Each structure stands twice: as C-alpha cells, then as structure tokens.
Amino acid sequence: MDKFIPNLFNFWVVIFVALGSMSCSYGMSVISSTIGQPTFYTYFNLATQGEPGYSRTTALIGAMNGLSSVGSVFGAGFTSWAADWAGRKRNIQMGALVIILGGGLCAGSVNMTMFLIARFIAGLGIGMLVTGIPMYQAEVSTPESRGLMVSMHGVMFAVGYSLSAWIGFSTYFVKGATSFPWRFPLAFQTAPAILLLIGSTWLPFSPRWLLQQDRVDEALSTLRRLHKSKDDPNDIRPKKEFYQIKKQMELDRALLQGASKWQLFATAANRKRALLGFILMFGNMFTASTFAATGILIIANYGVLLYESLGMDKYMPLLLSAIWVTASFPGNIFNGLFVDKFGRRAFLLTGLGMLVIVLTLECIMQAQFLGTTNIAGQRAAIFFIFLFIICWSFCMDATQFLYLSEIFPTHIRAQGMAVGMSGLYCATIILLIAGPTALNNITWKFFIVLIIPTAAQFLVIFFFAPETMQRSLEDISAEFGDKVAVHYYHATIEDEKQYDQALEEEMAQPQVSGAEKSSEGAVQMVERVQG
C-alpha cells in the first residue's frame, strides 16, 4: 500500500471524510427505491404506472429530484464562500448537519408538501458536501497519490448508491400496510452523515487553507503529519511541498493585490478553467465526459420505471436496480488504483468513447423491443444498461470529481468547484425533471438526448483538457498558462536550488507569519518570476 499512499493517517482521513460522499449518493438515488415501494404510492395517494393520473405521479417524482438538485445548486454556491471563510473542514461539518436535518424531515413527512421541502433541504446539504469533499481530499493528498485519494469520493459514492438500492430491495418484503418500507430507507441517509459529524473533530484542517489564514506553523505540522512516509524520515518531500505552496500563495497574493476576491472570471486562464469545469460536469450529467451525472442518474433514479417498461414486475425492478448500482463499485476501485498511472485524459476519453457506443446500442435495442414480447431483445436492452455502468464506473465516475478538484488554484478552488458542481446540478435539474415524463412519453428516443452531449463532451476533453497526473496542485497552473513560483513536478536546477536553500535556511527556522513579511516575500517572488 506504500506504493499508493504516504501513510495510513492520510488514507483514513480521505476515507473517513468520504462518509459524506456516501450520504450524498445515497440521498441522490434513494428515490429509485422509494418509487418502487407500493406503500409510498398508497400513503401519498399517487397513481401507479398504468392507472389514470399517472402523469401527475411522474411530475411529482420529477419534482422530488428537481428540488433536491435545486437545493444542491444553492449548497454549491454557499460552499464557494464558506469553504474559504470558515474552511474546508467546517463547510463539510455544516453540510453533514444539513443532510441530517433534511433526511430526517424526508423520513418523517406527513404530506407531499413537507416531503418536497425536505428534499430541498437534503439537497442543500448534498451540494455542500459534493462540492467540498473532493476539494478537501485533493488538498490533503500528495501529488503522487492524489488520484487514488480523491477517487475515494467515487468509491464511497458507489457504496452509497449500492446501500440505497439494497436497503430499498430488502424493505420491499416488509408485510402489511406500513410506511416503514419507504420511511426507513429515507432515514438511513442520515447515518453516514451523523458518523461524519461526530468524528469530524478528529479531521485536520486543509494545510492550504491554513496557509491562506497565515497559520503557517500549523499548516507545516499538518502537512508533515499527512505526508510523512517511512522512506522519507526527514520529511524532505513534505517540506518541499510546503515551500512550493507557500511561495505560490505569496506570488498569487502579490499578483492579486487590490483585485476583487472573486477572481474566477478575471483572467483568460481562470475563465478557461471555469468553462471547462462547468462543461465537464454538465456534460457528465447529460451523458457526457464523466458520467457521474449523465444518463447514470436517470437510470439510477428511474431504473425501476425503466425495468418495468421492459417487462419486469414485482420485486424484479428493485433487484435489477440494486445489482446495477453495485456493479459500479469494482470499477471505481480500478479507477482509483490506475488513474495516477495512465492519466486523467486517458480515462475520460476512453470512457466517453465507450459510452457513446453503449448508449447508441441501448437506444437501438429499446427502439426495437420496448413494449414487445421478445424476451431475448428485452434482455439485450438490460445487458447494455449494465454495460453502461461498467464503462461509466471504470473510467468516468471518480475521474470527473478528481479532475475538477485539481484544475483551480487554491485562492479560487472553492469558487471553481462550485461552478463545476452547479453545471452538474443544472443538468440534473433538466434531466431528472424531464426524465420520468420523457421515459413515459417518448420512451427509447430519450437516449438520443443522452448520446449527442456525450459525443460533444469527448471533443471538448480531447482538445481543451490538459493532463494533471503527478503534478502538484500548484504545478497545474502552468498547464493553463499561469506563472508557477517554483516547480515540484519536473523541477529545474534553479527550482532544486531554491528547495535546497529553503531546507537549509527557511525550513530550519520557525515560520513567522504576518502580512508585512508575506507581502515583502511576495514582491520579491514576483520580481524573480518576471525577471
């Protein structure tokens, strides 16, 4: 394991914080099992498929997911401010608290109005965590292990999807006219959030955020604890990382003196990052690029309806939906283990290419066999639905969050993550509100809506997305045309001289924080870089 991670503390930090990822994916997909429970329809007086008034039911199902996604957009926007003001860790704690509140209200709903409001509140917490967790994981990881570390967000996403589906399947068999089969699954989304909130006091603050607050000594000690390894007893690598982070922040502060705090659209490089991040996540949600949102959420949330339309009934749609989401778990593990070896672009482009093919074949199968008695054709359609999740999880699921968390410099990372995740949720709102109605009215033609954006996303990634593998978060700025104070990845002789001097002089002395010293050092750094 030493090949992939510096120490167990670092690994368990990213695993533990990903409890929030599990809570998010569980909450995002729990509607899939909820709409498979007969007592849910009975309790809220909703028509089931084939009954008069089912169009109202599909509209309400769309609203359940749509309001959750709207809440997530607000949650992402809140994180763009809170993650800088209060810190990445505090934002995660607040997000967990909001999910606990929203999930509890969902489970305790007594009418549809209360249920819809609760879904919005839960979505608010989801937006805060989905935006904040990959950012936190990226900032506490080493350049060499960041792919695996941030991929834990995708792995735990898969766990959350699976738990939601299997718990929903299990409660289907509860006998009697009780609301337990749908209330308990909705309540369970609070469990990982409660564990996260209780244990979060043990989590360290992001070293980069600590440096932003001029808490220099604490930042260095935190980074050394996170990145300490057996083969580096003198902490040379953590000290080099710290030196680069510190000097890059000094440079950025000097360049941004007197500028607005909201710099996301102030330069061409930042605008490219913001547009790429938004398109990446919007496309992923719309069946493009990363698939964490694409057609995957349509199938994850409405898989039960889809399987019913293909001739499945009773518990079989819930069972197939559970198996389908569980199939994403090994793919995310593979992604985490090899994304630092083969690169982000390789995974994204391979996944997108395969998804275009699979979605096209699924569209053909449904066009030919949907609503027929051809069992072999219907099974072929289900096969491609499963092949879809395999392609998605092996190449796209974790990679999308990883890439988004990497491409922004520290001073605008929270803003950039928020813009990217807003793209994901904007696409989600469109797809999940329209999804059940579209599947009900235009059936297989809905897959055409997913194929076109996926193909377009392939071209965007191919032509505009730079590789970020093995580079420090500060090094990645050079890929977008920004100045880098000192390089960690492919360091020059001059860079190594700076590190040697820092290790001998600066790092041997206690760090003195203060605006005057920081400003003076920043000016010197600008003069050296520009010279």
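For all residues, glycine too, the Cβ spot is worked out from N, Cα and C.
Nobody curates TrEMBL annotations by hand; they come from automatic prediction.
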60-82, 244-266 - the range that TrEMBL marks as transmembrane segment: 60-82
Candidates 60-82, 94-110, 116-136, 346-369, 416-434; stretch with most C-beta pairs under 8 Å toward the transmembrane segment (381-404): 346-369
Which of 60-82, 116-136, 148-174, 186-205 contacts the transmembrane segment (315-334) most, counting Cβ pairs under 8 Å: 148-174
The transmembrane segment (186-205) and the transmembrane segment (94-110) contact flag, 3+ Cβ pairs under 8 angstroms: yes
Considering the transmembrane segment (94-110), which listed stretch of 60-82, 116-136, 148-174, 416-434, 446-465 counts the most C-beta pairs under 8 Å: 116-136
